[in-house]
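Before any comments, here is the structure.
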Amino acid sequence: MTTPTIPLNNGVLIPQLGFGTYKLPPVQTREVVLRALDAGYRHVDTAQMYRNEAAVGRAVLDSGLPRDEVFVTSKLNNAFHAYDEAHAAFDRTLDDLGLEHVDLFLIHWPLPAFGRFVEAWRALEEIYASGRARAIGVSNFQPHHLDRILAEGTVVPAVNQVEMHPWFVQQEVRAYDAAHGIVTEAWSPLGRGRVLEDEEVLRIAADLGRSPAQVVLRWHVQRGDVVIPKSATPARIAENAAIFDFVLDDTAMAAITALDRDTRIGSHPDHENRTDR
Ligand SMILES: NC(=O)c1ccc[n+]([C@@H]2O[C@H](COP(=O)([O-])OP(=O)(O)OC[C@H]3O[C@@H](n4cnc5c(N)ncnc54)[C@H](OP(=O)(O)O)[C@@H]3O)[C@@H](O)[C@H]2O)c1
């Protein structure tokens, strides 16, 4: 399997399909990520919050793949937006991963009540300048949060990773990102499995002889976004990667986009202010 790549705004290439690791327990993570790499994934998404960075790094190193063939993303945890804390937390990320650099480092949540994401961004800009992150970006940023980064920062985020799936299609955020050269990445691209029971998704999947997950992931890919589905199940890990040998026509694409309910599974970025995890 060869995964298509998308150029970020600094020329770094990001594989359009990545492997999500949220909720993978540390003891299981190395084995599951190794399986994903074996199945052809070349992009792994972790975070300080997931507490499994060490196992992700171990899997990348143990895979035997050249380091430059695996794209590794991690994210700054919510408690560390203060400038010094952000630097120290990033140092711990590299230590835990056992890697010399990450490919992408994101601010996990904007935490507007805390009010320090611009300060955190300044630290990320310095980390980027040092070469220890090949690209930097944000996660769960609404356009008004990005307005501040663009006005007060010196580096345009390469990526905005947000909740996105057929029940929450994020037209406004995607349009803002596209207008500013920011790649949109979909977290919970399968709606944590819930959208796979949608009747329209089931109908399109049956018509094409594909699984509902493949249809949903294909919809994301054809929109031009990056997807990072998670599964701990070997058959699903392989199934979710087999999405580059079929095409959804315009009617199917429009039918899936029309499933939007404008409702989130996760927190709203303006209201997520927990710093204790
Ligand atoms: N930046 C953020 O704030 C943020 C927030 C949430 C997630 N993320 C990232 O995005 C990744 C993906 O999101 P997610 O894990 O929340 O949700 P997801 O990938 O949409 O869904 C994962 C769930 O769907 C199931 N599943 C996977 N493939 C399936 C298939 N082919 N058929 C049926 N069920 C399937 C999985 O079950 P099994 O594992 O049991 O197979 C799991 O319960 C995360 O792992 C994480 O890396 C980022």
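Here the Cβ of each residue, glycine as well, is placed from N, Cα and C on the backbone.
According to TrEMBL:
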{"type": "ACT_SITE", "residues": "Y50", "note": "active site, proton donor"}
{"type": "BINDING", "residues": "H108", "note": "substrate binding site"}
{"type": "DOMAIN", "residues": "17-260", "note": "domain 'NADP-dependent oxidoreductase'"}
{"type": "SITE", "residues": "K75", "note": "site 'Lowers pKa of active site Tyr'"}
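The candidate set comprises the recorded positions K75, H108. Of these, K75 has the most other Cβ atoms within 10 Å.
On its own chain, Y50 (active site, proton donor) has T21, Y22, K23, L24 as residues at least 6 apart in sequence with a Cβ closer than 8 Å to its own Cβ. Straight-line distance linking the Cα atoms of K75 (site 'Lowers pKa of active site Tyr') and the residue listed as 'substrate binding site', rounded to a whole number, equals 5 Å. Confidence for the domain 'NADP-dependent oxidoreductase' (17-260), expressed as mean pLDDT, is 98.
Secondary structure at Y50 (active site, proton donor), as computed by DSSP, is helix.
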